[in-house]
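Written below as structure tokens is the structure these notes are about.
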Amino acid sequence: MPSLPQEGVIQGPSPLDLNTELPYQSTMKRKVRKKKKKGTITANVAGTKFEIVRLVIDEMGFMKTPDEDETSNLIWCDSAVQQEKISELQNYQRINHFPGMGEICRKDFLARNMTKMIKSRPLDYTFVPRTWIFPAEYTQFQNYVKELKKKRKQKTFIVKPANGAMGHGISLIRNGDKLPSQDHLIVQEYIEKPFLMEGYKFDLRIYILVTSCDPLKIFLYHDGLVRMGTEKYIPPNESNLTQLYMHLTNYSVNKHNEHFERDETENKGSKRSIKWFTEFLQANQHDVAKFWSDISELVVKTLIVAEPHVLHAYRMCRPGQPPGSESVCFEVLGFDILLDRKLKPWLLEINRAPSFGTDQKIDYDVKRGVLLNALKLLNIRTSDKRRNLAKQKAEAQRRLYGQNSIKRLLPGSSDWEQQRHQLERRKEELKERLAQVRKQISREEHENRHMGNYRRIYPPEDKALLEKYENLLAVAFQTFLSGRAASFQRELNNPLKRMKEEDILDLLEQCEIDDEKLMGKTTKTRGPKPLCSMPESTEIMKRPKYCSSDSSYDSSSSSSESDENEKEEYQNKKREKQVTYNLKPSNHYKLIQQPSSIRRSVSCPRSISAQSPSSGDTRPFSAQQMISVSRPTSASRSHSLNRASSYMRHLPHSNDACSTNSQVSESLRQLKTKEQEDDLTSQTLFVLKDMKIRFPGKSDAESELLIEDIIDNWKYHKTKVASYWLIKLDSVKQRKVLDIVKTSIRTVLPRIWKVPDVEEVNLYRIFNRVFNRLLWSRGQGLWNCFCDSGSSWESIFNKSPEVVTPLQLQCCQRLVELCKQCLLVVYKYATDKRGSLSGIGPDWGNSRYLLPGSTQFFLRTPTYNLKYNSPGMTRSNVLFTSRYGHL
């Protein structure tokens, strides 16, 4: 009888014993497909033969995908790609070539396009040797040679194949009659007096990164290669025309010469670094700044020639892309530049697929930096793919359900409907531009942090230089795309293009006010809701789906950075939706006008002021009663609506006597108001000077000592404070830091000025402008106050026609000082709570959302006998109730 199986043992065929001594043993293994890690950036490098590209991909933490994978975040190819491939790319993908760049990378195309631009702007394009394209310009070349013979002059010409590379087929001639007329050749005048180094001729390989063509963005790498000839240079004559090692500087040619010197250092051998070359120039009393300026100008002007072709081809490949969207293309170009004996740069050629071979250590050092910094500038994030899919889904729903779309205006619509329609269109245009500006600010901040050895040369910071380049761009579009030049000119001249974020917000506010007046609603001065102090770490915001738990903060550095960018974008969207409530109130008026006036303005197609009856309510004394001021005329805004209250009107003039009496009484009333306002401003300044920021758990004296200690050791704390304020805190948290000061002021001012609403005080509106300036450019305004430009915020008053009195300016200066102290105390508290900012792990960057508790920071405000009880004490003022209980 067979025995029962033991419990838990499953009977079956006996397993094969693989540990046998048979001569053959199967070694076949099951292929296991490697899974992609969630949140990993992928790269397809099947199209490159250069190992340095793969090494940099690994160093960046990207995961290489199989050759057939076309969904990678990054695709790298050595050769140019077809336009169909670019058309098939998703928005989250990047490929390292632009369509249409061959217009300057092929020798014949470059010569043809440069010739056209030279005809239009001869004084701007003097850096290209005179060139002829054979066979089309064979006759012109022969005529030029005959003219030289008549003048008894003889020049040397260099002959190149039209689409050659690596020095193949290049020769020098002095007799132009011997050239064949039907071959496809490029003939250039030879630069006979080059700048020599140790007696050798050389050229420069400059690396250029183009990250976008719509709009154009160009970066220059501040290093490169100096490629020297391998025979001492002698001006060309009949006996040495064939000595190519003397006249050509191509590495692919000179490396075959026995005199080619390979050296591991950057200051010896036949190949050296541009970094060493600039030091050489400086040591020999040459102007290095002018050298880089000339190189930058040459590069930008050359790419301006390519821009019409590249932009047209790119838009054909990517139709329907909204302006300002991320470019799926980028390109690393190699510019070959020759210097003459006066250090003037001459453009030889441009390589769209520069060699990334690393035969020597100097190649590895330079080219690794070029690639590594370029990939960092691209800002490829793990969340790009997910956000792209979500955006596509939202766009599909919008098209399906007609969401957020403006209804068409029907024929025969009334004037009221036409005005509403124009306002809606204007608001949509402004919101789109606002989103573009915020994206651009975010990109520029990332570029400034990750530029490495690159420098942005277009668009330049110099306004005059930018205007010069834009004029050249307009000429280039007119020259190469004459049929589409008008549309490009309209884009270039769009008044919204040069506006900053705060200007667009002002225009949006204007449209909102016009809309409310058109609808017959009561217009209220709007501004951000008062926030009492710092946020709690557990109640920071309503998190989106991508931020489900705090455990996500423990991810890799690249993932954390992408999540940070994603949260920033989420906040931008949130701000955009609430744009009505985040607008800066502006009640400065210049001229007394009828409230019912309707005027054209840049802010909206038709400015409408509601015809409301005059109000009988009297308002408290403030600067607004003195004079009515409109917003200034500027390049970005030509006019703005009159926002004066309905009670300020022209008085009817029955006769000359009544008119004279009313003018005298009005002057006396304004004089009395001015004196009272100065007195109240002095009281405000006195209170502001006594205000102090208190460190949690410490006395006033101890808090002052902490601030003084930070200031005394500013060299040590400067970088840490900058990192905390500009990087670790986003714009929402920065605003909440300043709200500690702002809330205290909102509490004090009504008691001094004896008004129920602080918004009615002109000084508070000035304070609001200062707060907005301090938060300008993601907190850069406040940080400038710690630097040499500590009074840069005062420039906001230079552009305004409203006169700010010395007392008001002193109040603003004290306000800025309180904000600086507040930041230092919050920074110190965060440092003590978390430990040294420099001694913690990489996950510290995510602590930007973990700010100190809200009830621990406050301004100690002195108590004065102000004898005014606000009828509407808001919840945000609860911190100060105990201190003003006796009032």
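In case you wondered, yes, glycine gets a Cβ from its N, Cα and C as well.
It should be emphasised that the depicted structure is a prediction, and the values quoted were computed from it without experimental measurement.
If you look up Swiss-Prot, you'll see 38-390 marked as domain 'TTL', on the strength of sequence analysis.
Taking the Cβ of R106 (site 'Binds negatively charged residues of beta-tubulin C-terminal tails') as reference, residues of its chain lying under 8 Å away and at least six apart in sequence are, in sequence order, A162, N163. Annotation source Swiss-Prot lists site 'Binds negatively charged residues of beta-tubulin C-terminal tails' at R106 (among others).
Look at K271 (L-glutamate binding site): DSSP puts it in a strand. Cβ contacts within 10 Å of K271 (L-glutamate binding site), excluding its own Cβ and spanning all protein chains shown: 24. Taken from Swiss-Prot, the feature L-glutamate binding site covers R227, Y251, S252, K271, K367.
Following the DSSP three-state reduction, the secondary structure of D336 (Mg(2+) 1 binding site) is strand. Per Swiss-Prot, Mg(2+) 1 binding site is recorded for D336, E349.
Per Swiss-Prot, Mg(2+) 2 binding site is recorded for E349, N351, and the stated evidence type is similarity to another entry. N351 (Mg(2+) 2 binding site) falls within a strand segment according to DSSP. Taking a C-beta cut-off of under 8 angstroms and a sequence separation of 6 or more, N351 (Mg(2+) 2 binding site) has the following same-chain neighbours: C105, A165, L333, G334, F335, D336.
According to Swiss-Prot, the site 'Binds negatively charged residues of beta-tubulin C-terminal tails' annotation covers R352 (among others), on the basis of experimental evidence. Within the same chain, the residues at least 6 positions away from R352 (site 'Binds negatively charged residues of beta-tubulin C-terminal tails') whose Cβ sits under 8 Å from its Cβ are A80, H97, M101, G102, C105, E331, L333, listed in sequence order.
Among the features that Swiss-Prot reports, compositional bias 'Low complexity' is placed at 548-560.
Residues or ranges marked as compositional bias 'Polar residues' by Swiss-Prot: 593-621 (among others).
Marked as compositional bias 'Polar residues' by Swiss-Prot: 656-670 (among others).
DSSP assigns K367 (L-glutamate binding site) to a helical segment in the three-state reduction. Within the model, the domain 'TTL' (38-390) carries an average pLDDT of 90. Cβ proximity to the L-glutamate site centre (mean Cβ of R227, Y251, S252, K271, K367, cutoff 8 Å) flags the following additional same-chain residues: R205, L225, N250, K255, S355, G357, D359, D363. Here L-glutamate is bound by R227, Y251, S252, K271, K367 per the record. The longest Cα to Cα distance in that group is 17 Å.
Comparing the binding-site residues R227, K367 by how many other C-beta atoms lie within 10 angstroms of each C-beta, the top residue is K367. Rounded to the nearest whole angstrom, the C-alpha distance between K367 (L-glutamate binding site) and E349 (Mg(2+) 1 binding site) is 19.
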